[in-house]
Ligand SMILES: [Fe+2]
């Protein structure tokens with residue numbers, strides 16, 4: 001097990017031609033670009049948690065039926081500092097690190113003063129964000145790193161705080177039809193307030209308004225939602241959008257800021273400052289995108305932990321939104337490296353199975369409706385929203401499917417009515433061994449699995465001129481637990497989940513988290529960005545630093 005989770009992975013800097021079996025559809029041209037932790041030991045020091053590992057980018061470039069693979073560590077400031085010191089010197093969420101281990105408790109106490117809201121890591125290991133023509137490796141801190149999607153080179157470090165007052169941000173932004181980015185972050189005790197900030201980054205900026213090249217400089221605050229608690233904001237990993245609304249869950253899985261402020265001095269990780277309050281409620285915030293204001297009705301449901309929203313859409317007089325929900329926060333606990341040992345399958349059992357839950361929220365609450373009445377009138381769901389005497393509305397979900405994570409959809413249906421969820425199958429173990437297609441309409445599933453294969457998040461790529469929602473293919477990077485079997489890129493027909501092709505590469509591939517597909521034939525075998533692009537980037541970087 002340590003081979004997969006704990007062993008540092010080697011980079012594959014030059015494109016490596018994969019062995020393709022089967023037939024890749026001729027229309028499938030582009031690059032699957034993904035991100036995840038690849039290094040957990042630096043010198044003699046080791047991260048505590050799998051999600052702390054140093055970001056390793058990898059890509060599969062598909063062109064004319066051939067596939068080339070490459071991988072490269074993100075040269076973040078964190079990576080560089082660790083490698084230079086030959087030990088972990090930058091803290092990650094589950095690992096507190098000290099730059100100078102010789103300093104005594106007094107100097108630690110002194111340092112603590114500057115760690116109330118720490119300068120977080122730029123080890124951007126979770127996802128890839130597209131912003132205009134640029135690509136960024138992302139994590140959940142205030143930093144993102146621009147990358148070259150073709151060479152996997154690390155470019156400038158961007159601090160969200162230059163553009164919007166946030167300390168944390170999600171790694172799961174949304175994109176509208178124009179490619180504008182909508183994301184959320186948390187502003188902690190800024191001017192005496194803690195709030196959740198929704199912000200928008202335009203994909204392009206009109207020439208007349210361009211001061212610098214980066215659209216990030218034109219980031220605008222879309223809406224702010226005050227946190228229910230100044231010193232313990234909710235943790236959230238993603239959010240949902242429908243055509244006219246934004247769905248944000250303020251869940252009782254919270255970060256204790258006071259504990260966080262003393263964590264450095266106490267020698268504990270920031271992860272230890274998170275707690276799930278099962279006696280509390282989950283508040284459902286609905287923001288009207290047209291007015292940029294939250295809907296005033298208080299909607300809530302029972303305590304739960306959600307990492308991934310699947311989709312949301314409007315039907316009749318309500319919003320339906322789908323999430324992968326847990327009864328507790330056991331998922332994070334299971335990924336401590338100490339648990340991911342040879343007894344993994346016995347030790348690492350989720351105490352709550354991730355479940356696809358559908359919620360329904362009424363958009364207009366009749367003040368005269370009877371207390372206890374169900375305000376949901378659409379026939380397509382059994383989810384309810386019960387009116388309470390203080391005009392609050394208690395939402396109870398419909399459980400659609402048990403045992404799935406890392407959901408993806410055909411993104412053309414994001415915010416709209418949809419039918420299919422593509423996901424990794426996760427039962428009691430947090431490690432997926434199959435990928436599945438769940439049909440919300442028929443409540444049926446199709447699955448793909450093979451012995452000794454651990455699939456990554458399945459990503460849907462639409463076929464050109466697609467008519468049906470599932471006209472396209474599924475891409476998933478498959479890690480092999482059998483040393484005799486090479487890892488591979490799996491290509492499935494998204495309609496029937498049959499294998500079209502696989503592209504095997506003789507490398508030690510890491511388990512990744514998230515990523516995206518860049519269609520087209522650009523750059524796949526290019527080894528370096530053209531000189532003029534590099535010059536523009538350098539100029540933009542300089543402009544940004546002067547802003
Ligand atoms: Fe995620």
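Placed from the backbone N, Cα and C atoms, the Cβ positions cover glycine too.
Together with 172, 308, 514, TrEMBL lists one candidate of 237, 364, 413 for binding Fe cation, that being 237.
Remark: residue 237 (Fe cation binding site) has 140, 170, 171, 172, 306, 307, 308 as non-local neighbours, by Cβ distance under 8 Å and separation of at least 6 in sequence. Residue environment of residue 172 (Fe cation binding site) contains 21 other Cβ atoms, counted within 10 Å of its Cβ in all protein chains. A coil conformation is recorded for residue 237 (Fe cation binding site) in the three-state DSSP classification, outside any helix or strand. Other than the site residues 172, 237, 308, 514, same-chain residues with C-beta atoms no more than 8 angstroms from the centre of those residues' C-beta atoms, the Fe cation site, are 126, 127, 170, 171, 238, 307, 309.
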